[in-house]
Amino acid sequence: MTVQAKDEFVPHPVKDQLPGVDICINSNPSWAEAVILGFQHYLVMLGTSVIIPTIIVPQMGGGNVEKAQVIQTLLFVAGVNTLLQSWFGTRLPVVIGGSFRFIIPAVFIALSNRYNAYLDPRERFEQSMRSMQGALMIASVIPVLAGFLGIWRIVTRFLSPLSKAPLLLLVGIGLYEQGFPLLGECVEIGLPELVLLILLSQFIPHVWKLKLPIFERFAVLLSVGIVWAFAALLTVAGAYTNRPLQTQFSCRVDRSGLVSGASWIRFPYPLQWGIPNVDAGHVFMMMAAVFVSLVESTGGFIAAARYGSATFCPASVLSRGAGWLGLSTLINGLWGTPSGSTVSVENVGLLALTRVGSRRVIQISAVFMLFFSVIGKFGAILASIPLPIIGALYCVLFALMSAAGFDLLQFCNLNSYRTKFILGFSIYMGLSVPQYFNGYVITTGHGPVLSGSATFDQIMQVIFTSPATVAGVIAYFLDLTLARRHPLTRKDSGRHWWAKFKYYGRDPRSEEFYSLPYGLSKYFPSV
């Protein structure tokens, strides 16, 4: 009885590698299981790849054909960029896809008055796309230089668990508008998907014990398949025949226009829309989006390392990943997409849901991206999954991404008032400031910054509507400046835990998780 009472009051031990991960970065499931898990990751990343073109392409004058082509291109470059990041970047199990943070500059470019002169919708689409390409290609210089010149390495060396926690937390929570609001566009299919996903992944495994962890690993595939079939039955039965057009678009399985717009076989290729155009204002707006994407991707890298049961990412590895993220944005611009690259938040959440952080699984998912980007009709069928189903997935996967931020608090002193202030203030401002900027646009039609330069106003709108960027920058600044010389500050922030991971060579496990393949670490050392 004495031992039991003692155990109840012993705090949980701090773990610098997350326990409970079934398959870590360098481990691999069987090939059959890896292929299914890779397809599941592909299915999860489809949502963002469809939503971004669905919002932007109509503003550019494009129709279903153009939307399908942009989705195929976005999938193709995502496959290439994911392979490059997993081979030569951070080596973490992350999917590199499109980012919602590029929507503001892309829509601004698409609605520019200069394109009103083009009466042919296809011509207007191509001209606006060329401007986006040129802006993306030049803006990609920021993460390339920051990464490969070591600037991002210097910045991230000053990160502590305390300053990283708000960043990771808001990377997931900051996308709340893509969760239940998207689900709510068709509650009768979105809510069953959410409930079924939670039942399959969280409850049933504790009730029904199987030799193989089928429900834990494949809950997304099983739940999406069931609810998608249910949505198809409702469509065939005529449940939405006389409903409003928006309801039909959200609920029916045959209203996306992607299957009819996609070609059977199409190879996306560089400069497919023509020679890119360059406008200084557009470039600066894309630079702002690239910076925001870099900040959010850094949070994604840190969370993926945690969910892959790796040690914390050394600053040099984060910098290397930033450089390859910049090259990914360059590839996006070269091939012609309206979005730069970022770490896919939903796929990081899927690592936590499946407890499989295998690098091989992510590389297999990249192969699926490449395959379905070329075989257009088959890819379009999968991409036509009703978006409320995707919104239900986001409710779980974005939440798990946010949980990685809470996870880091175990290294901090939560009894410190300094810690409480930095956490509370940065998280609150990370939610409040973007809400102010977004609400201002809704009520007035423009952002709160009115400098006389539309470009500068949009740059501010891009930066300050990113919850993760606002919270991360505030936490980073306060952690470096508030009570800096106090003797307890280092431990309160968890810096004593971070010290051994700050530099690549200080912990022997860094080589295990982050060394480059083919002996390249000898020629490109991490310092």
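Here, residue 1 is simply the first one shown, and the rest follow in order.
Note: Cβ is positioned from N, Cα and C throughout, glycine not excepted.
Values in this document were obtained by computation on a predicted structure and should not be read as measured data.
Annotated transmembrane segment per TrEMBL: 39-58, 94-113, 134-155, 189-208, 220-240, 283-304, 361-383, 389-409, 421-442, 462-482, in sequence order.
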Region pair the transmembrane segment (39-58) / the transmembrane segment (361-383), three or more CB pairs under 8 Å:
yes
Short question: most Cβ pairs under 8 Å with the transmembrane segment (220-240), which of 283-304, 389-409, 421-442, 462-482?
389-409
Where among 283-304, 421-442, 462-482 do we find the most Cβ pairs under 8 Å to the transmembrane segment (389-409)?
283-304
Who are the long-range neighbours of the transmembrane segment (283-304) in its own chain, taking Cβ under 8 Å and residues 6 or more past its ends?
90, 92-94, 99, 101-102, 104-105, 108-109, 132, 134-136, 138-140, 142-143, 146, 152, 156, 164, 167-168, 171, 312-313, 318, 321-322, 325-326, 329, 340-345, 348, 351, 357, 401, 404-405, 455-456, 458-459, 462-463, 466, 468-469, 472-473
